[in-house]
């Protein structure tokens, strides 16, 4: 990230400082989606009136943005619904099974999901910038290198899954719930290694603006998942282990289908050139970047889960947990929109930096934040308008409905923050600022947000509203820090940093196997 002295140039300075010419020869192919240079040309064309320049640039960016964001949002929602449907199947087995599946999904499994998705964002930075710089052959190497690192990470995660029962008992869960949750978690072990392959593949495709195939694959897999879950749970009588194994199998179907697409599609013939021994070189540097990415995302992913855990210590924990569960379910579903824009922001910024387009990168940041913020405000307004009835989609209890209604203003504020904060995190990934954001997250979330929430919730007896208020305070602080850092960045300097990063990671060895 740029230093304070370097963060002085206006975001859209009319004096264009053209980056150095790309050193590699441009690959010409009718099927390769190159980074569109029209936006940079419009932004630097001083012959055009300023208003017309802004209008044309906005239209170009919106088309590029929604081509990425819409399928990405769909993919994340489908994947979220797969986990939700698994809990529904488990819930029809009984209350104990529902509790076990919920604990396994939102507790143990979330640990692996956050860790693997976070580590996978290292590929997002490198592949996005390499694609923008026309170093297409390196995308396949980064994909393989990330898969190796994430697969090795899956080994200690497997140990955690195997030891899930004693871990849950240590955390205070009942013997019956811990034992049943452990059975469910055992069936999710294959899912760990599906994550290890899926997230690098997903980022590999997204960095090339190839997102529609993943959406089609996810939609088809959801149908298959519902069928095999029904067969495993009800027809074969496999119960909890059947439900979780069906979920693991579904994730592997997604992995295999996406990899087959990479092998067969002409769009990937320049970016996937075969398996290579380069995947095993420079692993330690890759681990460091992946670890920073994982810490950044995990601290965000786990933050509001801690809200639920802390709420369980309140005087009336059952009502607090039920009302928060409804709010978190709504937040989790709508958060998928923010995650989609997070991915789009990362791809747009990394592509433009790699292509040497500083003005386009800066302009993309502005547009994606404005669009995401507007959508978030609309979501918040809808939640507030429906606050007295929204809980009936989850429960028929009037007491819970009243509690949810009181929490909806806090949910609305959280949704608005979700319209900005995850997008800025996506910008950070596109620029390679993961380590910086990890430090910011530690300070804002865990030094300020959680302690403040505990003081308001317990010391001032504000309950769940107090805990949530404190955690919103941490998110607000983190958001303003990222806004300040992002909008004072010297994007010409970031282009040079991206170029140096790619030179550092470049490699020209021959592939081990050609596809």
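Any Cβ shown, glycine's included, is placed from N, Cα and C.
For 1-30, the entry in TrEMBL reads region 'Disordered'.
Annotated compositional bias 'Polar residues' per TrEMBL: 1-21, in sequence order.
Sequence annotations record features per position, and here TrEMBL assigns transmembrane segment to 64-90 (among others).
Residues or ranges marked as transmembrane segment in TrEMBL: 110-131 (among others). Sequence-distant contacts of the transmembrane segment (110-131) (same chain, six or more residues past either end, CB-CB distance under 8 Å): 35, 138-139, 142-143, 146, 149-150, 153-154, 157, 160-161, 188, 191-192, 195-196, 199-200, 202-204, 206-208, 271, 286, 289-298, 301-302, 305, 343, 346-347, 349-351, 353-354, 429-432, 434, 498, 501-502, 505.
The feature transmembrane segment is assigned by TrEMBL to 143-164 (among others). Nonlocal intrachain contacts for the transmembrane segment (143-164), taken as residues 6+ away from its ends with a CB within less than 8 angstroms of a stretch CB, comprise 104, 108, 111-112, 115-116, 119-120, 122-123, 127, 178, 181-182, 185-186, 188-189, 192-193, 195-197, 199-201, 203-204, 272, 275-276, 278-283, 286-287, 290.
Positions annotated as transmembrane segment by TrEMBL: 176-198 (among others).
The transmembrane segment annotation in TrEMBL covers 210-232 (among others).
Within the chain, the transmembrane segment (238-263) has long-range Cβ neighbours (under 8 A, six or more residues past its boundaries) at 82-83, 86, 89-90, 93, 97, 100-101, 104, 180, 183-191, 194-195, 197-198, 201-202, 204-205, 213-214, 217-218, 220-222, 224-225, 228-229, 231-232, 272, 515. TrEMBL lists 238-263 (among others) with the feature transmembrane segment.
Panel annotation: around the transmembrane segment (293-314), residues 106, 110, 113-115, 117-122, 125, 320-321, 324-325, 328, 331, 414, 422, 425, 428-429, 434-435, 437-438, 441-442, 445-446, 449-450, 453-454, 457-458, 463-464, 467-468, 471, 474-475 of the same chain, lying at least six beyond its termini, place a Cβ under 8 Å from a Cβ of the stretch. Taken from TrEMBL, the feature transmembrane segment covers 293-314 (among others).
Panel annotation: around the transmembrane segment (321-341), residues 69-70, 72-77, 80, 304, 307-308, 311-312, 368, 371-372, 375-376, 379, 383, 390-391, 394-395, 397, 400, 403-404, 406-408, 410-411, 414-415, 418-419, 421-423, 426, 464 of the same chain, lying at least six beyond its termini, place a Cβ under 8 Å from a Cβ of the stretch. According to TrEMBL, the feature transmembrane segment maps to 321-341 (among others).
What TrEMBL records for 361-386 (among others) is transmembrane segment.
Positions annotated as transmembrane segment by TrEMBL: 407-430 (among others).
Annotated transmembrane segment per TrEMBL: 436-458 (among others), in sequence order.
Positions annotated as transmembrane segment by TrEMBL: 467-487 (among others).
Here the transmembrane segment (407-430) has long-range neighbours at 121, 124-125, 128-129, 293, 296-297, 300, 304, 323-324, 327, 330-331, 334-335, 338-339, 341-350, 353, 361, 365, 368-369, 372-377, 379-381, 383-384, 387, 390, 436-437, 464-465, 468-469, 472, 475-476, 478-479, 482-483, 486, meaning same-chain residues at least 6 beyond its ends whose C-beta is under 8 angstroms from one of its own.
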